[in-house]
Amino acid sequence: MKNIKIIIILISLIFLISISNSEIFGRSEQCPLISLLKIGEDCQSSSDCEYPNICKNNKCQEIVQVGDPCESDEECGLFFNNIGKCISGTCDINLKNGDDCGEGHSGTCGEGSVCKFYKCVLNNGNCTSDSQCPFNHYCEENSNTCSPVVLGNQCDRDSMCPITHICQKNECVAKYSRETATPCGGNPELCDVFNGDECDKVHKICRRNDKYGSECYVDGDCGTGVCMCNNDGHKQCVGSNTTLVHDGCLQAINSFVKCMKDKRCSSVSPLTCKDCYPIWECYRYNCFASEHFDQRKSAYYKSLKCDTDVGSLVNPDAANPNYNGGSNRKTNQKRSNSNSNYLISLSLTLTLILILLILF
């Protein structure tokens, strides 16, 4: 009898310990909400300050403007696609190949390029990587020259396609264009991720992910998506590439491309392409959780007027009337609450049994 009693106590203890780490107390893990420092407040590093301000001499300060004295690239706005550089103790614009330069233009052509006829061009005219080429251009391997991307040409990498396309089987295919239940070849960018679809890694077809927007604890709770901290201090399921459900994302990326062409911008920056850069930044903010849930950048994105109803980003019902993810979320929440109540009652009962066994 004594052995049976000990076994019952041990089993009950193990069960209670497992319950204490489960969903009964709300499995959605709490995330820390950070308090950012404003200009003039004491700091230890730039991550303590509101973006894009920096920490210098233990004080939050604005980034240094072009032409002002500096000590590091960070002071000049390193975050702007590395275009702000501290050159010989003065902040300057590090121009890319294809950018306007010379008289009437700020900045210095970057390493490996020179200013000719008011344009930054490669020293010997040859490129060695795609990153040296202007927007919508790639480094052609046979000629080592920057060539414009042409839709319809064969490709062997994504950079040979427009930014709105990816290279799939030597052909440029429009991103996010595959419908539900159609093949995606294991490439997540082919499925309509902004509409709630994901590329099933096993079957390699586009499938609806009804976990979008639901609370989570680990990535495994999100199907093919990932679990991230949101702005409310909780974890939430988003797409595998941190994508959010939002019906304006495709329009945003197309607007950005049109702007880059209309303004003849060669690189994406707030200094050399000031009209298009906010469109790009707002696209990233509205469509990707990695930016939308970045607490440090919250004030920065508000200054760009990127704010959107958060509900439309995390609630599929708001983004797509035909998507039933929202109702599934409510159903799952009710089921979760019911399970939690049951487990709490069970744990209390087991606790009472343990007390009685110990006493008697």
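Keep in mind that glycine also has a Cβ here, set from the backbone N, Cα and C atoms.
Straight from Swiss-Prot, the features:
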type	residues	note
COMPBIAS	321-336	compositional bias 'Polar residues'
CARBOHYD	N126	N-linked glycosylation site
CARBOHYD	N241	N-linked glycosylation site
REGION	317-336	region 'Disordered'
SIGNAL	1-22	signal peptide
TOPO_DOM	23-339	topological domain 'Extracellular'
TRANSMEM	340-360	transmembrane segment
ZN_FING	114-140	zinc finger
Residue numbers, six or more beyond the limits of the zinc finger (114-140), whose CB comes under 8 Å of its CB atoms: 95-103, 105, 146-149, 157, 159-160, 162-163, 257, 260-261, 265-268
Euclidean distance between Cα atoms of N126 (N-linked glycosylation site) and N241 (N-linked glycosylation site), Å: 34
Mapped DSSP class for N241 (N-linked glycosylation site), helix or strand or coil: coil
Across the topological domain 'Extracellular' (23-339), average pLDDT on the 0 to 100 scale: 83
Number of other Cβ atoms within 10 Å of the Cβ of N126 (N-linked glycosylation site) across all protein chains: 13
